[in-house]
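What TrEMBL annotates here:
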type     : residues : note
ACT_SITE : 164      : active site
ACT_SITE : 242      : active site
ACT_SITE : 328      : active site
ACT_SITE : 332      : active site
ACT_SITE : 361      : active site
ACT_SITE : 365      : active site
DOMAIN   : 19-304   : domain 'FAE'
DOMAIN   : 326-407  : domain 'Beta-ketoacyl-[acyl-carrier-protein] synthase III C-terminal'
């Protein structure tokens, strides 16, 4: 397996250098992450009250969710959707509250971003929105066009079902569009948590209730080279892989009805293993694009030497040192176990995984927007410096993996719109 991955990496490296063609550089001008109102904070007491008030969970399920909440690594400051604050008799009216949730997050993030960048809506040539679990008609892109007055010629893309990789997938799509022609692309990512809360007693479907929380982000990209001095970062590489041909990968996160007809997302017990296998395949392709030749040679030498010695256990333990290519990592914080498994699989230290762990603690799993909250954490800490390279890595149902590689064009500084501005001094926590 490792020799196959090594061969793929070498061949991919040759093809990459031979076939790459000149394209327009794509710049990340700025981004904004939504900070919900303090009244929406989801403490353990509130979480337990919501479960008891619904009268839809048996005692075993309520106890199980409390246990998961306490072990999840989430703080009492994450945010829950407006749907869960409604009186019990109104909980059956989901759609209007799903619209409200989407509008609150998307409108706030986009408005903040346009104000920060001083780019008028008329200049936006591409509008891309990702929301995995809510796809209304008219679409979420239409909602934004109407709210902000984008022009008749704006090209809109509405992505659903992409899971937690939706945000990075949007950046990949925007990069491909902008690399061919000058323009601006506005990316907005959110998730609809309220409409997808599960009210049943299947344990695999109860887990999302415990870890998914409210969050949205907006990102503005351009291929106008005259704006390089005002841009924060440049997109260097993108990579997407799909591992859905494997049944266990395809069903690692699966929307379904339980035996009583209650709709929800079932999280497979195999998820961590599936993520680790998908990650190995993904990074074997990524290595050729980002690692220096000296690190590729070092890795290849170790693998071949172990193979010649017949030491299969040693082969499995060899991993390229990706910190030779990156200064920071924003890896999707899908859950405490996922973070630990990814860190172990890539042999990344606790300091490298800190943004993921702290973001999970402060905001929970906000799905496709999560990696941008991690980036905001790094900026709030003042760690992002000119010339640094940042690796964004997110996973989605299906099973998908998506990488975005960024190069920092200027030293970071915290602004009042940063979602960490009021609390970053308390982090990191142990």
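Placed from the backbone N, Cα and C atoms, the Cβ positions cover glycine too.
Just so you know, TrEMBL annotations never went through curation; they're auto-generated.
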Exercise. By a simple count of other Cβ atoms within 10 Å, which of 242, 328, 332, 361, the active-site residues in the record, is least packed?
Worked result: 242
Exercise. Which residues does residue 164 (active site) neighbour through Cβ under 8 Å, counting only same-chain ones at least six apart?
Worked result: 132, 332, 334, 365, 367, 368, 370, 394, 395, 396, 397
Problem set entry | Distance, residue 361 (active site) to residue 328 (active site) (CA atoms, angstrom) | 19
For this session: Tally every other Cβ atom lying within 10 Å of the Cβ atom of residue 365 (active site).
Result: 25
Exercise. Rounded to a whole number, how many Å is the Cα of residue 361 (active site) away from the Cα of residue 242 (active site)?
Worked result: 29
